Amino acid sequence: MNLLIMGLPGAGKGTQAAKIVEQFHVAHISTGDMFRAAMVNQTEMGVLAKSYIDKGELVPDEVTNGIVKERLSQDDIKETGFLLDGYPRTIEQAHALDKTLAELGIELEGVINIEVNPDSLLERLSGRIIHRVTGETFHKVFNPPVDYKEEDYYQREDDKPETVKRRLDVNIAQGEPIIAHYRAKGLVHDIEGNQDINDVFSDIEKVLTNLK
């Protein structure tokens, strides 16, 4: 089974990816893991990627696409299939993936799209607060401290609502054309992500069982 998993930051994509891998025994291919493995193994694309990272530069698409192709060419993929997580991030990468899969003779069988209302994600992602003295982490809504005094806590820049909203807006703008691209191919399975983790996986499991 050859799959993509998509969803906005905070939608629970990582949790569900781990459950899919455990239940269906597919190879979990995440962008971070791919880059690390390619650099450690000093593959052609890994060496190239490291040269950009060492200079503090963004890795160009052609290198990222090359690393994906290297990984999808490995023998375990033929045996287990894959779950691609964190790629493609842009419509250009989606087109590159189409080309790579065609060249390797691999058919993409499904795209799991975990849908959560962006407002819910904003609340979920921007609620983290940290105690100034102890460094303990809490959440304003889901795990509030017992004796909350605003002056005793701070937020990391990444967790501030305006930063989170910008990140979500970028992800929505990049993700919508990708979803539309795969929806036109009849590959997208929308999953309601605003429910219990186990219920989300139950819905995914039903979809994937029908794909087998």
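Any Cβ shown, glycine's included, is placed from N, Cα and C.
According to Swiss-Prot, the protein has these features:
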- GLY10, ALA11, GLY12, LYS13, GLY14, THR15, ARG128, THR137, PHE138, GLN195: ATP binding site (BINDING)
- THR31, ARG36, GLU57, LEU58, VAL59, GLY86, TYR87, PRO88, ARG89, GLN93, ARG156, ARG167: AMP binding site (BINDING)
- 30-59: region 'NMP' (REGION)
- 127-159: region 'LID' (REGION)
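Shown on the structure are the features that Swiss-Prot records.
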residue	record	DSSP class
GLY12	ATP binding site	coil
THR31	AMP binding site	helix
GLU57	AMP binding site	coil
TYR87	AMP binding site	coil
ARG128	ATP binding site	strand
PHE138	ATP binding site	strand
ARG156	AMP binding site	coil
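Across the structure, GLY14 (ATP binding site) and ARG89 (AMP binding site) are spaced 15 Å apart at their Cα atoms. Spatially, by CA atoms, the binding-site residues GLY10, ARG128, PHE138 include one closest to ARG89 (AMP binding site), and that is GLY10. Within the same chain, the residues at least 6 positions away from TYR87 (AMP binding site) whose Cβ sits under 8 Å from its Cβ are ILE29, THR31, MET34, THR64, VAL68, GLN93, LEU97, listed in sequence order. Per-residue pLDDT, averaged over the region 'LID' (127-159), rounds to 92. ARG128 (ATP binding site) and VAL59 (AMP binding site) are 30 Å apart (CA-CA, integer value).
Put simply, of the binding-site residues GLY12, ARG128, PHE138, the one whose Cα is nearest the Cα of ARG156 (AMP binding site) is ARG128.
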